[in-house]
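Annotation source Swiss-Prot lists signal peptide at 1-21, citing sequence analysis. What Swiss-Prot lists as disulfide bond is CYS38-CYS99, CYS54-CYS141, CYS56-CYS72, CYS71-CYS127, CYS78-CYS120, CYS88-CYS113, CYS106-CYS118. Look at Swiss-Prot and you will find TYR55, GLY57, GLY59, ASP76 tagged as Ca(2+) binding site. What Swiss-Prot records for HIS75, ASP121 is active site, and it gives similarity to another entry as the kind of evidence.
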Amino acid sequence: MNPAHLLVLAAVCISLSGASSIAPQPLNLIQFGNMIQCTIPGSSPLLDYADYGCYCGRGGSGTPVDKLDRCCQAHDKCYTDAYRFYRCWPFLTLYSHTCSNRKVICRGNTTKCKAFVCNCDRVAANCFAKAPYNKRNYNNCK
């Protein structure tokens, strides 16, 4: 093998070894965002809920700051249960749902994991729609 081929092979191996340490990105957040937009038309889920209170967004700890934050806490627990009961990865689980008249319907999900995760997101989206949004709680875990 000539030196140029070895150099390319080494670069590919180094790139792949670095890529293996990158955490997978949540694939179903787009679906969850679509559900929120179904129940709260005109909302911007990624902007509005990515860092709200103590539980909306990545991680979660402490005491929820309000009803909306409790929705996120319950959603986090639901995702934990999805893994515990079905050994599925909620952030990577893609499912089927429809939206009609601000109502989300989970349907056509062929595995218990997909059905469970879809229901986690559906319940959370409905909870968000019933909870007041307090701008003071964005980026604020008391």
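A Cβ is built for glycine as well, from the same backbone N, Cα and C atoms used for every other residue.
Cα proximity to CYS56 (disulfide bond) (within 10 Å) is found for the following recorded positions from HIS75, ASP76, ASP121: HIS75, ASP76. TYR55 (Ca(2+) binding site) has its Cα within 10 Å of the Cα of these disulfide-bonded residues: CYS72, CYS141, taken from CYS72, CYS118, CYS141. All protein chains considered, the CB of CYS127 (disulfide bond) has 17 other CB atoms within 10 Å. For CYS72 (disulfide bond) paired with GLY59 (Ca(2+) binding site), the C-alpha to C-alpha distance reads 10 Å. Under 8 Å, Cβ to Cβ, and six or more positions away along its own chain, CYS141 (disulfide bond) finds GLY53, CYS54, GLY62, VAL65. Other than the site residues TYR55, GLY57, GLY59, ASP76, same-chain residues with C-beta atoms no more than 8 angstroms from the centre of those residues' C-beta atoms, the Ca(2+) site, are CYS54, CYS56, ARG58, GLY60, SER61, CYS72, GLN73.
Cβ crowding, taken as the number of other Cβ atoms within 10 Å, peaks at CYS56 among the disulfide-bonded residues CYS38, CYS56, CYS106.
CYS113 (disulfide bond) is 22 Å away from GLY57 (Ca(2+) binding site) when you measure Cα to Cα.
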